[in-house]
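**Q** Got these off Swiss-Prot a minute ago, pasting:
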DOMAIN    31-61  domain 'LRRNT'
REPEAT    63-83  repeat 'LRR 1'
REPEAT    86-107  repeat 'LRR 2'
REPEAT    110-131  repeat 'LRR 3'
REPEAT    158-179  repeat 'LRR 5'
REPEAT    182-203  repeat 'LRR 6'
REPEAT    230-251  repeat 'LRR 8'
REPEAT    279-300  repeat 'LRR 10'
DOMAIN    312-363  domain 'LRRCT'
TOPO_DOM  442-582  topological domain 'Cytoplasmic'
Amino acid sequence: MGFNVIRLLRGSAVAVVLAPTVLLTMLSSAERGCPKGCRCEGKMVYCESQKLQEIPSSISAGCLGLSLRYNSLQKLKYNQFKGLNQLTWLYLDHNHISNIDENAFNGIRRLKELILSSNRISYFLNNTFRPVTNLRNLDLSYNQLHSLGSEQFRGLRKLLSLHLRSNSLRTIPVRIFQDCRNLELLDLGYNRIRSLARNVFAGMIRLKELHLEHNQFSKLNLALFPRLVSLQNLYMQWNKISVIGQTMSWTWSSLQRLDLSGNEIEAFSGPSVFQCVPNLQRLNLDSNKLTFIGQEILDSWISLNDISLAGNIWECSRNICSLVNWLRSFKGLRENTIICASPKELQGVNVIDAVKNYSICGKSTTTERFDLARALPKPTFKPKLPRPKHESKPPLPPTVGATEPSPETDVDTEHISFHKIIAGSVALFLSVLVILLVMYVSWKRYPASMKQLQQRSLMRRHRKKKRQSLKQMTPGTQEFYVDYKPTNTETSEMLLNGTGPCTYSKSGSRECEIPLSMNVSTFLAYDQPTISYCGVHHELLSHKSFETNAQEDTMESHLETELDLSTITSAGRISDHKPQLA
């Protein structure tokens, strides 16, 4: 009994002693599993954008993925990743790596994805990738590679995609990809490659996509690719290719897309260029220097469902007719911006419209071009006159170099004029609608001002009606009026003698001026006779005739003149007696 108790005490004592050691070991392993400044998600370690110049040494041995992107690493040392046996992917892009040791990737045989893009690597040793034979994806793009070793990718038999984009490669060694039998994507775009050897792609029996765009190829020979029996997409846009040829009789049945846009292709070397690609579905020939395409080439495009031909220098002559006829019968996708570049009269006109409107493909004998002056469409404003019916005559022989305009042009002009009429009527309707809307809004927002406008308009109408009624009431006969303007001599004689000669003018106008009734002040301070309007311009009343008004006015004027003369004579006598009294 006592021995059992002692044993239990001893066991508990051992446990108490070992517990701190176990805890310290666990803490140290935890600290080693996630380095300082990094982010750990399970067995994935992300040490990104930390300006690291060295790879942390405290990374857990069970790490499956390590990302060291956007740091300042400059080189990879010998056995740099020793101890990371479980690592399956490694991201080292966007660093300053310029030197990689030949044995830097020792000990990570399970690695499947290696990203070294956007660094400063200028070369690789032949044995650099030998320890990572299980690679599936290798990205070496955006570096400064000038050349590749002949055994650079030896042993990478499981590689599926290889990216060498945006480097400075000028040549590709022969059979460099011979061990890459499972490679499906090869990207050699944006380099300085001028030519390729025939055995460059030897062994690549499963390649499906090949990028050779933005290089310096001057010609393309489809005989370079007979070993690429599984290739489906070939990208060779934006090179300097001017000629496409085929020097080998073989059938490339796997190719489905060919991109040759942005080159300098002027013509095809022979009618059998595209006969070796019977299953071609998508062809890009835009932005080249093609002027026409022969009927033999068009006949070889038997399986196309998408074509791009814009941006070429198409010559709209009879040579273009075969292409236009083919485009009209083509049922796939195509661009409608196929524009004429010559002759000068048709620059900027759509090729199909030019052939349709100007009868380029009409019957002609010797010349190919058409006479533009005879082929111009008729103006829309010219009226159509009925054609007289003549007796049937034998047809005249066609003139050389001229074609009769097609009747389709008249139909087009009729459609254009009809559309203009519709557009004008719609514009007129919209303008009227806007005016009504403005009036309605102003009526709702400013009702007082609208009422004032209505009252003013009613007053104007009332005045207008009143004037018309007065005009109807005035007599139509013309009356004569006397205009009397006395002179200075006549005035003095009238003052002294009481009578004197006078002159007056007789006129037949309704608007006249007569002198006012004269009094003493008028004669004493006389500069110009004061005038007033006659009574003709007063409104005529229906119960009072004009003659009575005139008689009353004359009687009043006579009375006023008699009074004035009496006052003048009395004033003269008083002035005569004054000197005598003096």
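For all residues, glycine too, the Cβ spot is worked out from N, Cα and C.
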**Q** Sort the residues of the repeat 'LRR 3' (110-131) into helix, strand and coil with DSSP and give the three counts.
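**A** Output for the repeat 'LRR 3' (110-131) reads 0 helix, 3 strand, 19 coil.
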**Q** By DSSP, how many residues in the repeat 'LRR 1' (63-83) are helix, how many strand, and how many coil?
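**A** Final tally across the stretch: 0 helix, 5 strand, 16 coil.
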**Q** Mind looking up the mean pLDDT for the repeat 'LRR 2' (86-107) in the predicted model?
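**A** Averaging the confidence scores along the repeat 'LRR 2' (86-107) gives 97.
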